[in-house]
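S.K.: Under the heading transmembrane segment, TrEMBL lists 44-66, 73-94, 106-125, 137-154, 166-185, 197-214. What TrEMBL lists as coiled coil is 247-281. The annotation domain 'Histidine kinase' is assigned in TrEMBL to 273-470. Marked as region 'Disordered' by TrEMBL: 467-493. The compositional bias 'Acidic residues' feature in TrEMBL is assigned to 482-493.
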Amino acid sequence: MSSARIPAGTWTWRRTGLVLGVVLVPVLALSTFATSDDRLASTARLGGVIVSPAALVAAVACYAAWRVNPRPGLAWTSFAIALLGCQGLMLAAVQLLEFPRPVEELWVLAADVTIVLVGLFALTIGQRTRFHPDPAAAGFALGAFVAVLRLAWLDGSPHLGHDLPHAPVAAVAVAAFVVAALGILRTRSIALWARQRTALTILLIGGAHLALYLGDNAVAHAVTVAGDTLGAALIVSTSLSLFFTEVEVDAENRSNLNDELERAQARIMVHRGQLHELNSTIAGITSASRLLRSADGISDERRDLLADMIASELGRLERLMSEPADGSEPRLVDLDETVGHLVVSHEARGHHVRWSPSGVKVTAQPDAISEVVNILLDNAAKHAGSTAEVRVEQIGDTVEIAVHDDGPGVEESLRRRIFDWGARGTRSTGQGIGLHIAHELMQRQGGYLEIRDGRWGGGATFVLGLPASGLEAPPGDRDDARDDDEPPAAELA
């Protein structure tokens, strides 16, 4: 019965040894303090003292497993073992009262048969019916009630069954134990390995008490003590293993749920980030389209610039709907073109931006750069309400794009967590997600985004840095060598 083994990782041989050692404590105590000369016989006749503590521990373990995972099968199992524990205490009391031996062993067998049949019934209906009351409380209450009735009955009729022949009684007991064991194996309310170990427990304890009933000799006494001890250790280890298994399953389920929650939160953050950028991009496109339709005094140069911006932003909008901003392959990005379109977009919305072309290029994902600069310009317009300034500089192998505003700046208490999701100041009406998105995008670009002070006076200055492309525009292509008849992009905006 290799499948009767407890699942790997749930139980160890060290735990088995510990359980067996604890179960042996009452055995050794009974042997040590026995008053008769035959210590083995005295220990065998007090088997209830060995089994009942183990059954109570097993009932508590099953109940704890049910509390972790309230499955009907565990509830009925807890109920049945709690009933077994109470009956075991009653049997221990009966044995300690030292009634005549035939009656004593007969009552032990009768209790065993009753318990295993009730346990079989509980496990059978456990796969069909949900246990509504508290299983441990119900098991202990019913067990205590039945125990009181049996004690009263036994006290009034101590010799009941004294003349019954042993053979028919033994046959009935064997049949009951075998039927109960086979019935438990056929149920589906608990795991197969637990059912197999429970069936083996029934056969061990039932066989031990049957041996004591059939013979009063050293062999019968040894079989009884061994069966009670092994059965007690088996039921405790099985119940504790059920508890540990349910704890592990619950921990795994919680971990899976946490993973699902984290993935769901990540998707929500991505979608909120996309929505954040969509709103800003659509606002720029809408404002530029309105200007093209309504203003008659717009120069041809500015119309062309607005049309180019709309086409560029529509393309970015389409890509944003199908993939994240950093989902494309890095390529050579002309910052004048990228920043220029954003400046035109924000100017079309009434946001004043100062910027001059630099001729600098970087190797990056253009949509990611556009989204970061757009977020910084949005923040400058929303939180500062003043003119924003964009500067592009190449410092060694790094290109820095600085976005500055003349607003109140960033609160001191917010600086350390300014790039955290949901971080926002007391005066902010935003969602606190834009800077987090921008920071994440820059990190994935191999760059950085940071807040700096003291360079341009008051307000807030955010600087994003990227590795330079190694290509620099020739002097004749720069803004300082531009034809005077060609208006700069900032002036056109």
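Cβ coordinates come from backbone N, Cα and C, glycine included.
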S.K.: Do any residues, 6 or more residues outside the transmembrane segment (73-94), come within under 8 Å Cβ-to-Cβ of it, and if so which ones?
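M.R.: That would be 46-49, 51-53, 55-56, 58-59, 62-63, 65-66, 104, 107-108, 111, 114-115, 118-119, 122-123, 125-127, 130-131, 135-136, 138-140, 142-144, 146-147, 150-151, 154, 187-190, 235, 239, 242, 246.
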S.K.: Please give the sequence-distant neighbours of the transmembrane segment (197-214): residues at least 6 beyond its ends with Cβ less than 8 Å from one of its Cβ atoms.
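M.R.: Non-local partners: 4, 6, 44-45, 47, 51, 105-106, 108-109, 112, 116, 119, 166, 169-170, 173-174, 176-178, 180-182, 184-185, 190, 220-221, 223-228, 230-232, 234-235, 237-238.
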S.K.: In terms of Cβ proximity under 8 Å, which residues at least six beyond the ends of the transmembrane segment (166-185) contact it?
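M.R.: Cβ under 8 Å, 6 or more out: 106, 109, 112-113, 116-117, 119-120, 123-124, 195-196, 198-200, 202-203, 206-207, 210, 213-214.
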S.K.: What else in the chain is close to the transmembrane segment (44-66), if you only count residues 6 or more beyond its ends and a Cβ gap under 8 Å?
M.R.: 23, 26-27, 30, 74-75, 77-78, 81-82, 84-85, 87-96, 101, 104, 108, 135-136, 139-140, 205, 208-209, 212, 220-222, 224-225, 228-229, 231-233, 235-236, 238-240, 242-243, 245-247
